[in-house]
Structure formats: C-alpha cells, structure tokens
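Copied straight from TrEMBL:
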ACT_SITE  K27  active site, schiff-base intermediate with substrate
ACT_SITE  K88  active site, proton acceptor
Amino acid sequence: MAWLVSVRNEVEFSLAASYGVDIVDFKEPRKGALAPVDPQIWQQAARLQSSTSAATDSAAFELSAALGERSDMLQIASSVPPSFAFAKVGPSQCDSPQDLLQLWDDAAQRLPASVELVAVAYADYGNAACLPPEEVFELASQRGMKRCLLDTFTKTGVATLDALGIERLRRLATLARSRGIWWTLAGSIKLSHLEQLLANRIDPHCIGIRGDACDQNRTSSLSSERLKLWSDTMGKRKAIAADDAAS
C-alpha cells in the first residue's frame, strides 16, 4: 500500500519527501477540498524533484497537483509541469454522467500529455452536488481511466469511512478491483483507520492524508512527529506485504 501526503509549499514538500512518501500532492487546505496552490510552487517542486533524481538516478516519489473544481481547473491545468505524474479536478456540480465526462475531457485537453488525470469521487457527494462514488468509478473505467481518488468535499472532520460506512466502502473496493482501478482512499483518514480497513478487507492501493500528518488540523503545518509515525507504520505494512507476496 502506497501513501500520499498533501502539502502546500516547498517547505512541506521537502519534509514529506524526507519521510519516504510515495506521492507528494500539492493543494491549499485552507481553501477547500482540492484547492490548488500557486502554479509557481508546482514549478519549484518539479525542479527540486529533477535535482533529486539526478543525485540518486531515480525519483523516490511522484508529484500530483490538485486543480480545484471546474472553474479553477479551466484556468490552471495547462500550467501543470510535464514531470508531474498526476492531476485531479473536483467533480462538484457534475450531477450527470455527461457533465462529469465533459469535465474530464476539458481537463485532459489542457493537461500535458505526460500527466495522468485521476478521477475524483466525493464520499459526501450530496454536499458537492455530484455523482456517487460507484458511478464515478464506473464512468472512469468506461473512459479508460486507471486511477481514482475517493475523498470528502466538506472538511468538517467527518471521515470517508463514516460518510459511506464500512459495507459500502467494501463494495466500492470490490468494484475498483473488478474494473482494474488503482484507487486512493482519502478524507480525514487517521492511523487508527488502517487496522479497521485491514480487519474489513478493504484494500486501497494508496492512503491519502493531510490532517493526521499535521500539528493540529489539516490547515496547520505538517508535523515531523506525525510523519514519522506514518512512515514507520507504512514501512512495516509494505514489509509484511512483500513477505506475503514472496511466500
């Protein structure tokens, strides 16, 4: 299982990267679920990643950009650096398949060809006036998209696990597996949720965090102590998975 940490600036980027995170995701948590940072920060991150890759012959992490909802995306998607692996746009107000497919088409037309568009589903889809996660995953699969993010639109501390419930989340995981979708579970995820996921055989390919890696809440700064706890835990889980695969 991979892990993703959302950061807002170069300082947080360097800190997250130092703890072995698999994906460093850029967004501004004070402005919404997927609010974008200044595109200049993307450019700085791309340069830093390039220098890291040159020093080690490979990049230990991938970069991701949050593009906001539709109006923000239309203005900034073309500014995402080609070296970024992923970008995502929130589906709020896309309450029909046609609207969502158009959103994805508009984003894909503006992004560099090398940047993969990730489909986003909101667990609290009623608050976002968008399609439920099951429909988003199905549409993404039909369109040929390989990755989905399950997150929350309103950031009130209600986790995705609570918004959807364990049984529905398990069915969504089964759907993703059957469609060959690589998916990330985010939305107020805490370390304590990992055991709950394991016990219920819910197996996202990636866990996305922000608030649980911060000093206080998602709008405060990243915490070295919290990042170390996550790094240690994810490292152990990867080791167990590797042993299981080898046996």
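Any Cβ shown, glycine's included, is placed from N, Cα and C.
Because TrEMBL annotations are produced automatically, they should be read as predictions rather than curated entries.
Note that the structure is a prediction, hence the values are computed from the model and not measured.
I'd like these features described in context: how deep, what's nearby, how far apart.
Note: K27 (active site, schiff-base intermediate with substrate) has non-local neighbours S6, V7, R8, L34, A35, P36, V37, A66, R210, i.e. same-chain residues 6+ apart with C-beta under 8 A of its own C-beta. When secondary structure is read from DSSP and collapsed to three states, K27 (active site, schiff-base intermediate with substrate) falls in the coil class.
In this structure, K88 (active site, proton acceptor) is part of a beta strand by DSSP.
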Are there any residues in the same chain, six or more apart in sequence, whose C-beta is under 8 angstroms from the C-beta of K88 (active site, proton acceptor), and if so which?
L34, S64, A65, A66, L67, L117, V118, A119, V120, L149
